[in-house]
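One structure is given below, encoded as structure tokens.
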Amino acid sequence: MTTIGATAPSPTPVAARTRTGPLGLLRDVGIVLTRELRPLRHDPFSVVFGMVQPLVFLGLFGPLLVGSLGGQAGTAFGAGGVWQWFVPAILVMTALFGTSATGANLLFEFQTGAHERMLVTPLSRPSLLVGRALKEMVPLAGQAVIIVLVMIPFGFRLYPVGALLGLALLAVFGVGLGALSYSLAIAVRKQDWMFWVVQQTLIFPLMLLSGMLLPLETGPGWMRVASQVNPLAYLVDAERALFAGEIGSMTVLWGWVAALVTAAVGLTVGVRAMARSAD
Amino acid sequence: MIDARSLTRDFVVSRSQTVHAVRGISLRIEPGELVALLGPNGAGKTTTMRMLTTLIAPTSGTATVAGHDVVREPGKVRRHIGYVGQGNGAGHTQRARDELRTQGAIYGLDRRAARRRADDLLDGLDLADLADRKVSALSGGQRRRLDVAMGLVHAPSLLFLDEPSTGLDPQNRANLWEHILRMRAEAAMTVVLTTHYLDEADSMAERVVIVDHGEIIADDSAAALKAKLAGDRIVVTVAGDDARPLARLVDRLPGARDLVCAGSRVEAHVADGPAALPELLRAAIEADVRVGTAQAHQPTLDDVFLTLTGRSLREAEQETPTAQDSPQDSQTRKDVP
Ligand SMILES: Nc1ncnc2c1ncn2[C@@H]1O[C@H](COP(=O)(O)OP(=O)(O)O)[C@@H](O)[C@H]1O
Ligand SMILES: [Mg+2]
């Protein structure tokens, strides 16, 4: 029989090795991030689950777009045609559906007790949120690469530098939206059914008012006004520009502003919520 | 190891309703003790434990745990304590071994040390064969052992266990306890647990702290509590339907008190139940009283709880409106003429 006590490190040296301060925070973020990525590594196909809706839109809505306004959207973005216009939007949609749902994982860990387990350890509270939010980049990048690769045979033209920058932009936005999703989960942890109600209520207006599915130019004026305060609209425009190989335009710059603001707001709100999540 | 003073905790449920979950708990626990907090569901055991483990802040009062104040230095407290909560500590999508390694990393072990510690704990808690299984694929008992393993990763000098064996079948319960007691002996750990199982508190803990409605109502070893607060009890019936002659004999037994005579049945506390019965039977034969049945009951912690609160712990559990009534009250209480 193994004797646990004999081989056990004594508690005092363990405590001494636990760092505090910025380095400690970095270490903690790393631990949380590694833990969050493990299920993904063991089960890489799980990234596909987050892609169901975007793929449905791509497969069923895309052809309709081609038929109804192929020429119009095509002229807006030059040679690429409808796919060049629609695929970047689908990538943003993937980010929207995937990362906005991720709070459900935390909600589940609230119910099982796994989150409480983390709270009782010396891990810093901010790291519990930041590590989780950063993890969102990985499935998102995976999903985006799959979508792009699938679409290349259909005539989607790839501009590598723009595409890479587009992925980076998407990742930053995903971190922010993921953090907001976790914040929502923490806020509604005692009435967990609220999570999906709020999430669904928010993402559809955000999606439609971003010009993701149909160009807003043909919509009424109030919609165009509403889209001007929708960070997603800037992101969609910037992704379209980047995936058309346009790297340094104002449109792209505004996309970065929208993504960075989303990330900053998300992380701030999330870290605050996390600090109070034990009650 | 623990010094809690007048801890209270309120939960504001709505604007008009505040739950006073803990109403002033003071508790000192010395290094090496094994203490059980026993009480019905809703007594405030978990809330007390969550305050002692820094998960929630007390509404008032102070507590020093493992040498540090839970409010001012929560980080230091967290580094020194192990905690196994009421739920499952391992994430359902994780694998057992990975969760243990993550815990090791959290407490500052390097990769190799964390790996070795995880393997030791997996062996020690009979989980080695399940190490690569997803937590969601483990049985309740296996998951509970993993919870305990996670609480022990950093070899804490103080371990909190909240309802460690709830939901386990008797065999798994015994198995879990075997592990806990062995590790405690090996690491000279102080252990504080909560339970609403009477027999668990009775057989495992060296000290039982009974909690009811957010307050400590008794605190001693199980044996001392039973001797002081409950005592042996005998229940005898007569063959006929008038037990009063028998009640008179019972009343003369050493230490007889709290005598209840109802119909053909007599119930009383006595100093020594097993010794009282033969004596009673001899006296009954002499007095020509025919005894139907005779039983001696050694007290349980439930009897202690009943004495203290007028409720049985099992009834308190169900939270029925009649839970306030003790069984005796439903019988007619007759004075012995
Ligand atoms: N987070 C909470 N919000 C509101 N009420 C709570 C909360 N936690 C516990 N309570 C209430 O406090 C009381 C004590 O609960 P608890 O400490 O869990 O009891 P025990 O562990 O002894 O069963 C119960 O009435 C419970 O409903
Ligand atoms: Mg409890």
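A Cβ is built for glycine as well, from the same backbone N, Cα and C atoms used for every other residue.
Nobody curates TrEMBL annotations by hand; they come from automatic prediction.
The transmembrane segment feature in TrEMBL is assigned to A:45-65, A:85-108, A:137-156, A:162-186, A:193-214, A:253-275. Residues annotated as domain 'ABC transmembrane type-2' in TrEMBL: A:45-277.
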Positions on the same chain near the transmembrane segment (A:162-186), where near means CB under 8 A and six or more residues out: 88, 91-92, 95-96, 98-104, 106-107, 110, 129-130, 132-137, 140-141, 144-145, 148, 195, 198-199, 231, 235, 238-239, 241-247, 252, 255-256, 258-267, 269-270, 273-274, 276-277
Other parts of the chain folded back onto the transmembrane segment (A:137-156), taken as Cβ under 8 Å at six or more residues beyond its ends: 37, 40, 44, 46-48, 50-51, 54-55, 58, 80-81, 83-84, 87, 90-91, 94-95, 98-99, 163, 166-167, 170-171, 174-175
Best-contacting stretch, by C-beta pairs under 8 Å, relative to the transmembrane segment (A:193-214) and drawn from A:45-65, A:85-108, A:253-275: A:85-108
Long-range neighbours of the transmembrane segment (A:253-275), counting only residues six or more past its ends (CB under 8 A): 125-126, 128-130, 133, 169-170, 172-173, 175-180, 182-183, 186-187, 231-232, 234-235, 237-239, 241-242
